[in-house]
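J.: Once you've had a glance at the structure underneath, I'll fire off some questions.
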């Protein structure tokens, strides 16, 4: 600043306010670089050649910030007493301290400032997942969410810490959207055993598996359970399982049951057919019989075989041919054994009133007689003029006499004897009997009850 001799002249050139301040400063503290700096470790001070000897506040430099100063003297006096500096931080940084600094008379700035990197709130860790960040929670850091196996990310996969100290997008979550897995067995095919229409089929109950938390509901079955007897046909079996998020997993398979069949048989004309099981399945047996007055020719029973063919020959019902030329009454009766019931009407003369009335009533009830397999045998007269008649066939007198003697039928009075299909004497009558009373008695016979069932199935009835 020149020699001491010229200092008074120079002081006269300074502004009055600055001159006053200079006069108040002790000369011993006025030395180059004596100004105190409020800078922190990340702040840098500097000096300019033109005012390095000015003993005022140190120059300001804020890391990650910009400084705008206005000195009262203008020009290069930006650290002189009274200088005001505005501090602004760069994007992504925030100011810690006052945004306005003033150079004070103690050669110190009015505050200490620093620009620190902005920081967003710590992200919440999503359940069943997590996230990875490039630079923690600081400004411009990118964080990417991820989920554990079995879970799907819902929301923004990537978020960024913004200048407003908030994360971009909405926080993500991990939800269980993957259905549980369940595997069913393969198709079950079975063939029914002989004389059966169902098959017992078993399998292991499938277990579900969840890729998320492994917690599942009970397995729900739709269809018959394992170990059941399955009828013929295709059967759909379905298993369903849910996880805790109500995702549903299903699997299906079929149980196929086949029944070997030979094809349906038909009852012979004027006959009956009774079959076991379903009538035409492997192992089923069909039995045949004929209505009254007809004899069965062919196989009385046929079985459906494993080669799907029926055993035996086709049965037919032929009109019964009674042989009246046999020598004994026993041989005559044997022809009716298990085939026909006999109602033997005996009279000493054809003019007998009871005989004529009874014969008239029986003729009117012919349908009931046929329905109950009853053959009427007439014994008319007394030996040697005795006549035996079965329908249109006439038996010899000697055979007719044997029949009377075998069954102990009175020779000189009207009487009737009812013989069942096993040759047993079931009832005797010495007077007229109404056909309905006769039929009611026969309908109580055990064998007759079986016949009634078959006739009902064949819709065989008498309308009169």
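In case you wondered, yes, glycine gets a Cβ from its N, Cα and C as well.
Quick caveat, the model's predicted, so the values are computed rather than measured.
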J.: Out of 28, 34, 47, which one does Swiss-Prot list as O-linked glycosylation site?
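T.: Residue annotated O-linked glycosylation site in Swiss-Prot: 34.
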J.: Cα of residue 57 (disulfide bond) to Cα of residue 103 (disulfide bond): how many Å, rounded?
T.: 6
J.: On average, what pLDDT score does this prediction assign to the domain 'Sushi 3' (260-319)?
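T.: When the pLDDT values over the domain 'Sushi 3' (260-319) are averaged, the result is 91.
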J.: Sorry to bug you, but what's the C-alpha spacing from residue 103 (disulfide bond) to residue 89 (disulfide bond), rounded to the closest Å?
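T.: Per the Cα atoms, residue 89 (disulfide bond) and residue 103 (disulfide bond) stand 20 Å apart.
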J.: What's the most sparsely packed of the disulfide-bonded residues 85, 120, counting other C-beta atoms within 10 A?
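T.: Candidates: the disulfide-bonded residues 85, 120. Fewest Cβ atoms within 10 Å: 120.
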J.: When neighbour density is defined as the number of other C-beta atoms within 10 angstroms of a residue's C-beta, which of the disulfide-bonded residues 147, 304 has the lowest density?
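T.: If we count Cβ atoms within 10 Å for the disulfide-bonded residues 147, 304, the smallest count is at 147.
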J.: Taking the Cβ of residue 57 (disulfide bond) as centre, how many other Cβ atoms lie within 10 Å?
T.: 29
J.: Quick one: of 69, 115, 174, 262, 317, which of the disulfide-bonded residues has the smallest count of other CB atoms within 10 A?
T.: 69
J.: Can you tell me which disulfide-bonded residues out of 69, 103, 161, 262 are within 10 A of residue 85 (disulfide bond) by Cα, answering none if there aren't any?
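T.: Passing the 10 Å Cα cut: 69, 103.
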